[in-house]
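For reference, Swiss-Prot has these:
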DISULFID  Cys28-Cys55  disulfide bond
DISULFID  Cys35-Cys49  disulfide bond
DISULFID  Cys39-Cys56  disulfide bond
SIGNAL    1-21  signal peptide
Amino acid sequence: MKFLFLFLAILLATKIPVISGKRHNLRCMGNSGICRASCKKNEQPYLYCRNYQACCLQSYMRISISGKEENTDWSYEKQWPRLP
């Protein structure tokens with residue numbers, strides 16, 4: 001009986017870490033993508049993350065290279081520049 005209490009005391013004192021089943025994923029592209037070694041079937045690789053893995057974005061994501069919100073109003077007047 002003393003051995004059991006001693007074993008429990010040692011077990012609780014060491015605090016064995018519990019490993020969860022889900023890993024922490026790095027986010028990229030303003031939290032729109034996930035850094036992975038290989039992208040899933042419905043994702044497209046775009047650039048690379050800090051850990052040299054591909055930044056995987058959903059195939060429907062739009063990428064703005066200008067860094068600001070783009071104007072998506074595509075009326076006929078805004079498609080072509082005005083002539084002087």
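The backbone N, Cα and C atoms fix where each Cβ goes, and this holds for glycine too.
Feature annotations (Swiss-Prot) mapped to structure.
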residue	record	DSSP class
Cys28	disulfide bond	strand
Cys35	disulfide bond	strand
Cys49	disulfide bond	coil
Cys55	disulfide bond	strand
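Taking the C-alpha atom of Cys39 (disulfide bond) as reference, the shortest distance to any of the disulfide-bonded residues Cys28, Cys49, Cys55 belongs to Cys55. Within 10 Å of the C-beta atom of Cys35 (disulfide bond) sit 18 other C-beta atoms, taking all shown protein chains into account.
Sequence-distant neighbours of Cys56 (disulfide bond) (same chain, 6+ residues apart, CB-CB distance under 8 A): Gly33, Ile34, Cys35, Arg36, Cys39, Lys40, Glu43, Gln44, Pro45, Tyr46. Between the alpha carbons (Cα) of Cys49 (disulfide bond) and Cys28 (disulfide bond) lies a span of roughly 7 Å.
Take the CB of Cys55 (disulfide bond) and look out to 10 A: across all protein chains shown you find 22 other CB atoms. Here the disulfide-bonded residues are Cys28, Cys39, Cys49, and the one ringed by the most other CB atoms within 10 angstroms is Cys28.
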